[in-house]
Amino acid sequence: MAASLIRLHFHDCFVQGCDASVLLDDTSSFTGEKTARNNRNSVRGFNVIDAVKSQLETLCPGVVSCADVVAVAARDASAAVGGPSWAVTLGRRDSTSATLLVNLFGTKGLSARDMVALSGSHTIGQARCATFRGRIYNNGSNIDANFATTRRRQCPSAAGDGNDNLAPLDLVTPNSFDNNYFRNLVQRRGLLQSDQVLFSGGSTDGIVNEYSRNGRVFSSDFAAAMVRMGSIEPLTGSQGQVRRVCSVVN
């Protein structure tokens, strides 16, 4: 669940800012982010956010926004699995609409270093066979042969066969928040192509190498990047609202 809560915060912030729009259910007038193609069978943890919000509404109704709950949950999830903690600036408001996912770090004011650090959240969590089948069967030079063989055992080559079979993003320490994700990339053992591309002869190779050697630097940079990500276009003051139930507007 830790990986899901961190990912939930990421998906929320990268759409139209950290405004809990990712939590909204579909209505007759718009399609929310929950059912967007990029989020389907990927974004989870809604029940945890709903449970926390329900308790908060009992204790202090109309005060703590769903957006703040998502941000704090991501921080606590990281700490719970041995990752870094950080101060979360509060006061976000919740949006009343939703848009599709925009995956452009630069347009959000985040650097390449931020991108690599945030990608390190894949040190925990799992991926579906359908998302990495192409990588483990391409027999390319950017994947370790033994690693590919191991992954094929639970992911058949035929499209549609075993699509939902899960594999840990990090085989060595799948439940610990550490820098082994980057060591895997250096060894060409990144499960997802979108991960391995960070170490493939490009401009981010140096950052990956640095993080693979120094877990403390990665941990510090990850926390700082999460703070910056959590500050992407928040609604504040009189903007938006504080939802009573996170899945619907007031």
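From the backbone N, Cα and C atoms, a Cβ is placed for every residue, glycine too.
The model shown is predicted, which means the values in this text are computed figures rather than measured ones.
According to TrEMBL:
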| type | residues | note |
| --- | --- | --- |
| DOMAIN | 1-250 | domain 'Plant heme peroxidase family profile' |
| SITE | ARG7 | site 'Transition state stabilizer' |
| ACT_SITE | HIS11 | active site, proton acceptor |
| BINDING | ASP12, VAL15, GLY17, ASP19, SER21, GLU33 | Ca(2+) 1 binding site |
| DISULFID | CYS13-CYS18 | disulfide bond |
| DISULFID | CYS66-CYS246 | disulfide bond |
| BINDING | HIS122 | heme b binding site |
| BINDING | THR123, ASP170, THR173, ASP178 | Ca(2+) 2 binding site |
| DISULFID | CYS129-CYS155 | disulfide bond |
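Note: the Ca(2+) 2 site is recorded as THR123, ASP170, THR173, ASP178; in the same chain, ILE124, VAL172, PRO174, SER176, PHE177, ASN179, ASN180, TYR181 also have Cβ atoms within 8 Å of that site's Cβ centroid.
The disulfide-bonded residues examined here are CYS18, CYS129, CYS155, CYS246; by Cβ neighbour count within 10 Å, the least packed of them is CYS129.
Here the Cα atom of CYS155 (disulfide bond) is found 32 Å from that of CYS13 (disulfide bond). Closest in space to the residue listed as 'active site, proton acceptor', of the recorded positions given as CYS18, HIS122, THR123, is CYS18, taking the CA atom of each residue. Ranked by Cα separation from ASP178 (Ca(2+) 2 binding site), the recorded positions ARG7, GLY17, SER21, HIS122, CYS129 are led by HIS122.
In this structure the alpha carbons, written CA, of CYS66 (disulfide bond) and ASP12 (Ca(2+) 1 binding site) are 11 Å apart. Nearest by CA distance to CYS246 (disulfide bond), out of the recorded positions CYS18, SER21, HIS122, is SER21. Same-chain residues at least 6 positions away in sequence with a Cβ under 8 Å from that of ASP170 (Ca(2+) 2 binding site) are, in sequence order, HIS122, THR123, ILE124, ASN180, TYR181, ASN184. A count of other CB atoms within 10 A of each Cβ picks out CYS66 as the most crowded of the disulfide-bonded residues CYS13, CYS66. Secondary structure at THR173 (Ca(2+) 2 binding site), as computed by DSSP, is coil. In this structure, the CA atom of ASP19 (Ca(2+) 1 binding site) is 32 Å away from the CA atom of THR173 (Ca(2+) 2 binding site).
Ranking the recorded positions ASP12, CYS129, THR173 by the distance of their Cα atoms from the Cα of CYS18 (disulfide bond) places ASP12 first.
Close to CYS13 (disulfide bond), meaning Cα to Cα within 10 A, are the following recorded positions out of SER21, CYS129, THR173: SER21.
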